[in-house]
Amino acid sequence: MADNKPATVNAGLVKEMDAAPKKYPYTLDSEGKANYCPIWRFTQPHMMAFHLSWICFFMSFVATFAPASLAPVIRDDLFLTKPQMGSAGVAAVCGAIAARVFMGVFVDVVGPRYGASATMLMTAPAVFCMALVTDFSTFACVRFFIGLSLCMFVCCQFWCGTMFNVKIVGTANAIAAGWGNMGGGACHFIMPLIYQGIKDGGVPGYQAWRWAFFVPGGIYILTATLTLLLGIDHPSGKDYRDMKKEGTLKAKGAMWPVIKCGLGNYRSWILALTYGYSFGVELTVDNVIVEYLFDQFGLNLAVAGALGAIFGLMNIFTRATGGMISDLVAKPFGMRGRLWVLWITQTLGGIFCIIMGKVSSSLTATIVIMIVFSIFCQQACGMHFGITPFVSRRAYGVVSGLVGAGGNVGAAITQAIWFSGTATWQVTLSRPDAFVWMGVQAVALTLPVMLIWFPMWGSMWTGPREGVEEEDYYLREWSAEEVASGLHQGSMRFAMESKSQRGYKDKRVLEAIAETPAASDVAGVKATVA
């Protein structure tokens, strides 16, 4: 297997990237990916892709959870029951389950720019149609179709994974996704203000909430247009279509092997399950928190919306710090460190969810615990995508789509079990108790993280298999014929960069340092894996 390592290709690319500082305000790796994520810049193509991806994702969250922001008003106008509101909330997150898996395949083929813009343009009509709903069936149906836009998450993570080096991909993914998720909190603050502003302008309340949806619908169209005009798919500065025409982008082979790589890797399914109880829990809280505060503590809509918004708005730094912590721990401890910190953080999130349900008699205690709960829950979301890019290089889009869909599946199941109000046991189950059981569920279903094992890096409890290299793991995704055609070269470049996931405390790295006589060479070995 080692004979297939494209050393000459890597050397040429590294030499080419030496000129990167002249063109970019940051250095590039052997794949042309940025080694740094300066969030204040809009440099093409890396940082422009970063900003476009999170803005589109942010708007998909705003529109999807806007009905939850106005739940008491809509409930009274359409004469809906609490179980019907719960069922509509489940419909909103169910829409993206299949859409996220499909989008994973789509971006692998045509690129994230077209994926993002197509998502926004195709779901914008559903946002406008919220103004036309008249009963439960139309309300639930429209929420389902708006929820399809949450597949923007896959475009967001795929685009960032394409633009940033493996050493900072957890941070870049977490910041972009965190800022996007922030839309779930921002809508609870923004939509009641828009509604109130329209109502104060003389429009009756039963019409004002309908007009309010024209704001996110219009922004959908604007962001899609900006993405098409300004976005670039690849670090080379070109999009997928042009590169395929020129022959500079190697095809990934037939589509079925790509899908098989992603769906056939058991690590994808474990991460999908555990993501369902970090991101899935976050989606559930976004859907129910305003109504919970409104009913439990007798607050008015504006106050309930402002307090409920805190949970989602914490994403401005929480998910980002989750990715940063994952990257930071990976420097000394590698992939095993990433797995440990994910399990610890997500378990703490579940524990604080339990506590939040137990302090339901105090508004102050509820808000304080909710903030702590949101920190751990959202950090765990970011930590998942510090691991996901390493599951499969060939099927990165498929794996991202599957893990992302797992978040929506977890949200749908959690809401159906504890918050929909339709099951027989929910008749006697209070909302505070529902939060308690959601936390118990999150703690229990985080344990499968311990089963994730990479042969070249190990697991939480065990070390790597002797003699297995990163190239061996990623090369097995390709057939002998595909290797002969050179289709595997991108995976081999990624494997070279992925050696950093050993961590500098790894026995192999320490042995290499011990055998290296020159101090400058020792520094070089440490720098390679840091």
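Start at 1 and count along the chain as shown; that gives each residue its number.
Glycine too: its Cβ is placed from the backbone N, Cα and C atoms.
Because the structure is a prediction, the values reported are computed rather than measured.
Features as listed in TrEMBL:
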type: TRANSMEM; residues: 49-68; note: transmembrane segment
type: TRANSMEM; residues: 88-107; note: transmembrane segment
type: TRANSMEM; residues: 114-134; note: transmembrane segment
type: TRANSMEM; residues: 140-160; note: transmembrane segment
type: TRANSMEM; residues: 172-191; note: transmembrane segment
type: TRANSMEM; residues: 211-232; note: transmembrane segment
type: TRANSMEM; residues: 253-277; note: transmembrane segment
type: TRANSMEM; residues: 297-318; note: transmembrane segment
type: TRANSMEM; residues: 339-357; note: transmembrane segment
type: TRANSMEM; residues: 363-383; note: transmembrane segment
type: TRANSMEM; residues: 395-419; note: transmembrane segment
type: TRANSMEM; residues: 434-454; note: transmembrane segment
Proximity of the transmembrane segment (114-134) to the transmembrane segment (211-232), 3+ C-beta pairs under 8 angstroms: yes
Highest-contact recorded stretch vs the transmembrane segment (395-419), from 88-107, 140-160, 434-454, CB pairs under 8 Å: 88-107
Criterion met for the transmembrane segment (253-277) and the transmembrane segment (434-454) (at least three Cβ pairs under 8 Å): yes
Interface present between the transmembrane segment (339-357) and the transmembrane segment (172-191) (three or more C-beta pairs under 8 A): no
Region pair the transmembrane segment (339-357) / the transmembrane segment (140-160), three or more CB pairs under 8 Å: no
Distal contacts, the transmembrane segment (140-160) - CB-CB under 8 A, six or more residues away: 49-50, 52-54, 56-57, 60-61, 63-64, 67, 84, 87-89, 91-96, 99-100, 102-104, 107-108, 112-113, 115-116, 119-120, 122-123, 126-127, 129-130, 133, 169, 172-173, 176-177, 180, 220, 233, 385, 388, 396-397, 400-401, 404, 407-408
Distant-in-sequence neighbours of the transmembrane segment (363-383), which means Cβ under 8 A and at least six residues beyond its ends: 170, 173-174, 177-178, 181, 275, 278-279, 281-282, 285, 289, 293, 296-297, 307, 310-312, 314-315, 318-326, 338, 341-342, 345-346, 348-349, 352-353, 355-356, 407
